[in-house]
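Visitor: Let me give you the structure first, and then I'll get to my questions.
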Amino acid sequence: MALKIKVPATSANLGPGFDSLGIAVDRYLTLIVEEKTSKWELVHHMGKIYHDERNLIVQTALKLVPTLHPYRIKVLSDIPLARGLGSSSSAIVAGIELADQLAGLQLTTAEKVQFAAQIEGHPDNVAPAVMGGLVISTYIAEQALSIKADFPDVSLVAYVPADPLLTVESRKVLPRRLPFKKAVAASSVANALTAALLAKQLDKVKVLLESDQFHETYRRKLVPQLAQVRALAHEYQTYGTYLSGAGPTVMTLVAHPAAAEFAQALKAHFETGEVLALKCISQGPQVTTLRTQSRPEV
Ligand SMILES: Nc1ncnc2c1ncn2[C@@H]1O[C@H](COP(=O)(O)OP(=O)(O)OP(=O)(O)O)[C@@H](O)[C@H]1O
Ligand SMILES: N[C@@H](CCO)C(=O)O
């Protein structure tokens, strides 16, 4: 028997919800856990990602259970790496599910989010990767607290630039401090956006999603495509454009009937990069047991 673990991609921040808001989207990291081996062996075609115990998936699993026996694992992914779609969070959550399954830990959802957030450094991507849907997170006394909600029924169109941008680099341009008045104003925009999303008031979502004062101002020099996508989006029936995670992906909420046309317009506008039609999904990780003879569908 082999084990299959499938973890969704995520899009964090949603404009002003910096380090707090995130959604799960329909791209996946998939592990096929095959057989016990003498050393960890990760079989993949993902470029400069470790194939041995230094891999983030295994590192995470070993942090939970240092004595975990090594396995050969096939890793498949359609999540672009270091592009703002939560690839590292999916790897961390996959590592937690791996340890949970192999060692029979029976971790709770809250324990998985807490552990994943400790490794990732913030809960906004890992929480929806564990829980699915739209998740609003914070820390209270160093404990991650995450609330899952429905996301409005809209299409998501992502413009994924060709060049990667590591989160660690994109965080370096952020200010170390914000003046009190500015912090109050910025967090009130985030509060109102959360309310508008929950109340499905899409007309208000648009202006709030595009009024972030925490990070986009500082990061726009790293991602000039943000302003370009936003300007183009204003010509279509859209509900706001934001920098997905730490960038460089730029995400737009689009009314279903306008999604294909807007995606075409993005493709025509940019000579490089990729345009992805996505949707928010309510399911978190899926774990299934496979018969070894059958070829797994991924
Ligand atoms: N499947 C994987 N296996 C092992 N390591 C991975 C995997 N996916 C991502 N990583 C690691 O995570 C790094 C990218 O993480 P980073 O936080 O910079 O971007 P991201 O998670 O894709 O985007 P964001 O956090 O902005 O949504 C990769 O360079 C790699 O080191
Ligand atoms: N909130 C994080 C998401 C990327 O990990 C950031 O914007 O840096």
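Cβ coordinates come from backbone N, Cα and C, glycine included.
Quick paste from TrEMBL:
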DOMAIN    55-133  domain 'GHMP kinase N-terminal'
BINDING   Pro80, Leu81, Ala82, Arg83, Gly84, Leu85, Gly86, Ser87, Ser88, Ser89, Ser90  ATP binding site
DOMAIN    195-270  domain 'GHMP kinase C-terminal'
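Set these features in their place in the structure for me.
Guide: Sequence-distant neighbours of Ala82 (ATP binding site) (same chain, 6+ apart, CB under 8 A from its CB) are Pro164, Leu165, Leu166, Thr167.
The helix, strand and coil residue counts that DSSP assigns across the domain 'GHMP kinase C-terminal' (195-270) are 39 helix, 11 strand, 26 coil.
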Visitor: For the recorded ATP site, enumerate neighbouring residues of the same chain (Cβ within 8 Å of the Cβ centroid of Pro80, Leu81, Ala82, Arg83, Gly84, Leu85, Gly86, Ser87, Ser88, Ser89, Ser90, site residues themselves excluded), in sequence order.
Guide: Ala9, Ile79, Gly245
Visitor: Around Gly84 (ATP binding site), how many other CB atoms lie within 10 A of its CB?
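Guide: A 10 Å sphere around the Cβ of Gly84 (ATP binding site) contains 29 other Cβ atoms.
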Visitor: Tally of helix, strand and coil residues over the domain 'GHMP kinase N-terminal' (55-133) according to DSSP?
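Guide: So the counts come to 47 helix, 7 strand, 25 coil.
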